[in-house]
Amino acid sequence: MTQLPKTPLLDQVIYPADLRKLEDRDLPQLAREVRDEMIDAVSRTGGHLGAGLGVVELTIAIHSVFDTPDDRLIFDVGHQCYPHKILTGRRDRIRTLRQEDGLSGFTRRAESEYDPFGAAHSSTSISAGLGMAIAADLDKSDRRVIAVIGDGAMSAGMAYEALNNAGALDARLIVILNDNDMSIAPPTGAMSAYLARLASGRTYMGFRDFGKKLTAYLGKNIDRAITRAVEHARGYVTGGTMFEEMGFYHIGPIDGHSFDHLLPVLRNVRDNGRGPVLIHVVTQKGKGYPPAEAAADKYHGVNKFDVITGAQARVKPNAPSYTSVFAEALVQEATLDDKIVGITAAMPNGTGLDKLAEAFPSRCFDVGIAEQHAVTFAAGLAAEGYKPFAALYSTFLQRAYDQVVHDVAIQGLPVRFPIDRAGFVGADGPTHAGSFDTAFLTTLPGFVVMAAADEAELKHMVRTAVAYDGGPISFRYPRGEGVGVDMPARGEILQIGKGRIVKEGTKVALLSFGTRLADCLLAAEDLDAAGLSTTVADARFAKPLDHDLIRQLARHHEMVITVEEGSIGGFGSHVMHFLATEGLLDNGLKLRSLVMPDIWMEQAKPEAMNAHAGLDRAGIVSTVFKALGRGVAVGVAG
C-alpha cells in the first residue's frame with residue numbers, strides 16, 4: 001500500500017468554517033495539498049479526475065468567501081465535486097468514492113448538507129439555483145446562491161432557458177462559468193485582474209444602474225444607442241455581451257487558478273448583494289498533475305492508476321465490449337450504405353461513434369450536450385431519406401422523450417436508436433442506470449424495441465436497424481464486455497417481432513429480454529439438475545412481441561418467467577398483458593416477472609446489483625423454487 005500524501009494544512013480543515021480561518025496567503029499551499037489528496041484517492045478508486053483537478057482553487061475560493069452551507073453551492077453534473085467533498089467533512093471517506101456503500105461520485109442531498117442539490121446529468125444547476133434564489137427572496141433571506149457550470153454543460157438549451165429567466169426575474173443568483181475547454185487563453189497580468197475587480201465592484205454596478213435609469217428617462221432611442229455603446233465597449237474589453245443582454249452582470253474571463261483574481265472578485269460579488277451575475281472563469285482540466293494536463297480527454301474518467309507514471313490499470317477483456325461491437329458493425333454497414341449517418345450528444349468515445357467519425361467524418365455529428373436537438377435533428381435527416389443512428393446512453397435518452405414521441409414516433413420516421421449503458425452501470429449509481437428505456441419506448445405505437453442477448457445478437461440488430469425503414473427502431477445493450485460468443489462476419493437481418501428458442505425443456509420456461517440470457521442458461525442447468533426440465537428463449541423484441549412464441553411457452557409449460565434488466569412496466573408487463581388478454585392465465589399457468597427492483601439502487605459492481613435484484617443465476621432459480629413451493633436444493637445455483 002502506498003503512503004498517503006503529507007497534508008499538514010489540509011489536516012486542519014474538516015469543514016469550510018475551518019478553511020475560513022486561514023489567511024489568503026495559505027490558500028495556494030492548501031490547493032496543492034487538496035490536489036495531492038484527490039490524486040491519491042482517485043488513483044485507488046478510479047473516477048473523474050481531470051475536472052476536479054481543474055477547480056481546486058475555485059472550490060477553495062468559494063468556500064473561503066461564502067458562508068456555506070447557509071449560502072448554497074451547486075455544482076453542475078458533479079464530475080468536479082471531489083475537492084468540494086474533501087473540504088466539507090467527507091475527507092475521511094474520500095477513498096470510498098463510487099464504491100459500494102461509499103461516497104457518491106456526484107453531489108447528493110442525502111450525503112451532506114453541503115450538497116443542497118443533487119447532480120449527475122448536465123445543465124441543471126442554473127435552473128435549480130434560480131429556484132433557490134427566488135426562495136431566498138420569498139423568505140426575505142440574504143443567503144447567496146452560487147451555481148458552477150462548465151462550458152460543456154452550457155451547450156444545452158436548459159442552461160440558456162434558466163439564464164433567460166434569471167435575467168428577467170433580476171434574481172440574486174451568482175453563476176460561475178467554468179471554461180476549461182482551453183478555447184480562450186487565461187488572461188494574465190495586473191490589468192486583467194484590475195478590470196475584473198472593477199467590473200465586479202459597487203462603483204461599476206452603481207454606474208451601470210444609474211445609466212439604465214438615465215436612458216430610460218431620456219427615451220427609447222437614446223436608451224438603445226447608449227446601451228449598445230456601453231455593452232459593446234464592455235464586450236470588447238471583457239466579453240459577455242450575450243450574457244449582459246440576458247440581464248446578467250458579466251465579469252471576466254479571469255484566471256481560475258489565481259487566488260489574486262478569484263478572491264477579490266468573489267468578495268465584491270458577495271458584498272454587492274445584487275444579481276444576477278455571471279463570472280467567467282478559465283481553468284485547465286487536470287491542473288497540477290502532468291499526465292492529466294498532457295491528455296485531458298484520457299484523464300476525464302479514469303480507472304485505478306499509478307500516481308508516479310499515470311499508467312491506468314487495464315484488465316485484459318475476455319471478449320470485445322458491446323460498444324466496440326456496435327461501432328465496428330455500424331462502420332461496416334456505413335461502408336456499404338452511404339445513407340447511414342451517426343449522431344451523438346457529446347459522447348463520441350463513450351458511444352463508439354468516434355470510429356464512424358474517423359471513417360466517415362462528413363457523416364457523423366456531435367451536437368454537444370443537446371439530446372433533444374439530437375433526436376429532432378435525426379428526425380429531419382430521416383425525413384429526407386437518410387438512416388440516422390442517434391446513439392445515446394439509456395439514461396440520457398430520457399432527456400429527449402418528448403422529441404422521441406412528437407418528432408419521431410408520431411410521424412413514423414425511421415430513426416435508429418442504439419441505446420448504450422442499458423441496465424445497471426455500477427459505480428455511477430442510480431443517476432446513470434439504464435432502467436427505463438424499454439418501459440417508455442414500448443408504450444409508443446409503431447416503435448420497434450429490441451435488446452441484444454450477446455455481442456453477436458448486437459451485430460444482427462445493427463444490420464436489422466439499417467434494413468428497417470418502417471418507423472423508429474431501437475436496440476439496447478449494456479456497458480462492458482460481451483460474453484465471448486463466436487462472431488459472424490456480418491450481422492443478419494432479423495425478422496421483426498420474432499424471438500428464438502435457445503434450449504428446449506418441458507416444465508419451466510425462462511423468457512429473457514437482453515443480456516440476462518446467459519444467467520437464464522446457467523439457471524436452466526441447475527433447474528434441470530433438480531428435475532425441472534427448463535426451456536430458455538431469447539425474446540429479442542419487446543415490441544412487437546412474438547405472440548406465437550409466447551403462446552407456445554404458455555401452453556406447453558407449467559411456469560413462465562420473464563427476465564429483463566429494466567424497470568417495472570417494460571417487457572414483462574407487456575408479456576403479462578398479452579397472456580391475460582389471450583386468456584392464457586386462466587388454466588393455472590404460473591407467471592413471474594423478474595425486473596430491476598422499484599427502488600433507486602445505489603452504486604455497486606453490476607454483478608452485485610444483479611444479484612441483489614434477483615436477476616442472476618441464483619435469483620432465477622430461487623424464484624422458480626419459491627413459485628413451485630420447493631426449497632432450493634443443496635448445491636444448486638452455487
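Every residue gets a Cβ built from N, Cα and C, even glycine.
Site annotation (Swiss-Prot, ligand thiamine diphosphate) includes His79, Ala120, His121, Ser122, Gly152, Ala153, Tyr289, Glu371; from Asn180, Asn268, Asn272, Asn349, the additional listed residue is Asn180.
Looking at Asp151, Glu371, the binding-site residues in this record, the fewest other C-beta atoms within 10 angstroms of the C-beta turn up around Asp151. When each of the binding-site residues His79, His121 is scored by how many other Cβ atoms sit within 10 Å of its Cβ, His121 comes out lowest. Residue environment of Asn180 (thiamine diphosphate binding site) contains 23 other Cβ atoms, counted within 10 Å of its Cβ in all protein chains. Across the residues annotated as binding thiamine diphosphate (His79, Ala120, His121, Ser122, Gly152, Ala153, Asn180, Tyr289, Glu371), the widest Cα-Cα separation comes to 32 Å.
Taking the Cβ of Gly152 (thiamine diphosphate binding site) as centre and 10 Å as the limit, one finds 20 other Cβ atoms among all the protein chains shown. When the Cα atoms are compared, Asn180 (thiamine diphosphate binding site) and Asp151 (Mg(2+) binding site) turn out to be 7 Å apart. A Cα-Cα distance of 16 Å separates Asp151 (Mg(2+) binding site) from Glu371 (thiamine diphosphate binding site).
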